[in-house]
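Per Swiss-Prot, the features are:
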| type | residues | note |
| --- | --- | --- |
| CROSSLNK | Lys20 | SUMO2 cross-link |
| CROSSLNK | Lys25 | SUMO2 cross-link |
| DOMAIN | 46-128 | domain 'SCAN box' |
| REGION | 154-175 | region 'Disordered' |
| CROSSLNK | Lys196 | SUMO2 cross-link |
| REGION | 224-264 | region 'Disordered' |
| ZN_FING | 274-296 | zinc finger |
| ZN_FING | 302-324 | zinc finger |
| ZN_FING | 330-352 | zinc finger |
| ZN_FING | 358-380 | zinc finger |
| ZN_FING | 386-408 | zinc finger |
| ZN_FING | 414-436 | zinc finger |
| ZN_FING | 442-463 | zinc finger |
| ZN_FING | 469-491 | zinc finger |
| ZN_FING | 497-519 | zinc finger |
| ZN_FING | 525-547 | zinc finger |
| ZN_FING | 553-578 | zinc finger |
Amino acid sequence: MASTWAIQAHMDQDEPLEVKIEEEKYTTRQDWDLRKNNTHSREVFRQYFRQFCYQETSGPREALSRLRELCHQWLRPETHTKEQILELLVLEQFLTILPEELQAWVQEQHPESGEEVVTVLEDLERELDEPGEQVSAHTGEQEMFLQETVRLRKEGEPSMSLQSMKAQPKYESPELESQQEQVLDVETGNEYGNLKQEVSEEMEPHGNTSSKFENDMSKXARCGETREPEEITEEPSACSREDKQPTCDENGVSLTENSDHTEHQRICPGEESYGCDDCGKTFSQHSHLIEHQRIHTGDRPYRCEECGKAFRGRTVLIRHKIIHTGEKPYKCNECGKAFGRWSALNQHQRLHTGEKHYHCNDCGKAFSQKAGLFHHIKIHTRDKPYQCTHCNKSFSRRSILTQHQGVHTGAKPYECNECGKAFVYNSSLVSHQEIHHKEKCYQCKECGKSFSQSGLIQHQRIHTGEKPYKCDVCEKAFIQRTSLTEHQRIHTGERPYKCDKCGKAFTQRSVLTEHQRIHTGERPYKCDECGNAFRGITSLIQHQRIHTGEKPYQCDECGKAFRQRKKTSYKEILLKNHSEPQAGVNLLLSSLIPEWQSCFRKDL
């Protein structure tokens, strides 16, 4: 009764208080406190709407009215457009389908749209080595502990029932944060255990979802409030892992033996939140706010002593230093190859598993790495942004341009560790190294040459004379499928490889490449004996026969040998078939494109 008189006395003196008391006739005190916090009220009302209980109302009409009110408070149609409301619904479903480990963390960032969620997850993958996938690599003990933390987070989320919220314990969030510290220590190891704060700062945390929800409640339910014994007995038993544990002096929160009591007191509910003046985000710790503000100011105080590159967070600098130290802590169990980043190991393991997550929308081709898809797309767009300053030739990849420039500079950066021989292109080095890796190569029993497994199969057809790929038009057979494909372009007239300089087209890419060297002046194939250089490898091989004296081509009539195979003219085709002239004509016509065939057949 005394409290009633006190309120009445203030009503005459303080008009705003009178309005507040009138409002409390229709809403709970917790509702009113939540409305004062505009930053997180939308999320609170969404949870109210989704978990509203029919039993909380006196009848169906009141229930429907209450649902409409909560939906209106959540979606705010008076201030949001239809597109914005749809985005809120899509955002809600997007957060729902995320894995539990990522879902809880993303919700702490309070994203405003689906694009912000994507940005947060991509930044997490890029900066923190895909921690969602690190979870799957934990030991059994770590996995069980992480699952327990997720379960505690779920149980720590406040019920959306208006009645049950009053009885919701106010000390679950700090315990969850203590549990999360232990999980982080398990993940990163003792060496990086002290960097928990920097790791969380790099992720720009805002505190977990339940703690944000609790901070919006009235101060009457915070640490200093005196609670009845029956409220404590209603605490879920799952939130207390042991009967006797150290507790917080302020609110009785149970702490594990390894949790930091000082850290808990600093984040205990009742402490002020720190808001960013630029974007409005709030943080439970001032250090988190300072770290976040560097995004707006561009400040990067952590600088690498080796290369001078600067970073916003200390943990990113530590990971960067691995580049200079050469440390590769992540090792593949299949082949033993080591990597400096977890994400690099994860991408590499897809080579063993055959996983290809990235698909091209134009042709359907799949890739195990995003970079592979990115470079592949340039084939369809014909984008070649990297241009050589010496010959103005353009390339789709920077790495290919770098290799090409070695033709002008004479640089051969790819050196064989076995014999020291250097090459301009990495592909040339890989082909060369097969010579040394005898244990991984397959040797031809006929001539002793070594090949890869597929290369040996094709090579053996030279000795057996097998030519399984046959042309349907002229019945000419080939050892390789690629040779048949190139040959068929003679009949179809297709010349897909066109020179950008003069417009001349060719049936083979290799012929186009060799032709383009006429314009650029490149002669990458050099003779070791006399120093003469050539545009094509075949020209170099033919030239080298001058020094070796080799003459592999022999005449069937007289037995005379030659260094080069003479090209057969159309006249010789007819002369060779003089006994059957029609057969010679048919063979000659079959080598022409269809348009020419029809023209010549009319004259015959």
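Every residue gets a Cβ built from N, Cα and C, even glycine.
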Cβ-Cβ under 8 Å with the zinc finger (358-380): same-chain residues at least 6 beyond its ends: 347, 350-351, 396-397
Residues of the parent chain within Cβ reach of the zinc finger (414-436), under 8 Å, 6 or more residues beyond its termini: 403, 406-407, 450-452, 524
Per-residue pLDDT averaged over the zinc finger (386-408), given as an integer: 81
For the zinc finger (497-519), distant same-chain residues with Cβ under 8 A (at least six beyond the ends): 391, 393, 486, 489-490, 535-536
Structural state census, the zinc finger (358-380) (DSSP three-state): 11 helix, 4 strand, 8 coil
Secondary structure content of the zinc finger (274-296), with strand meaning DSSP E or B: 11 helix, 4 strand, 8 coil
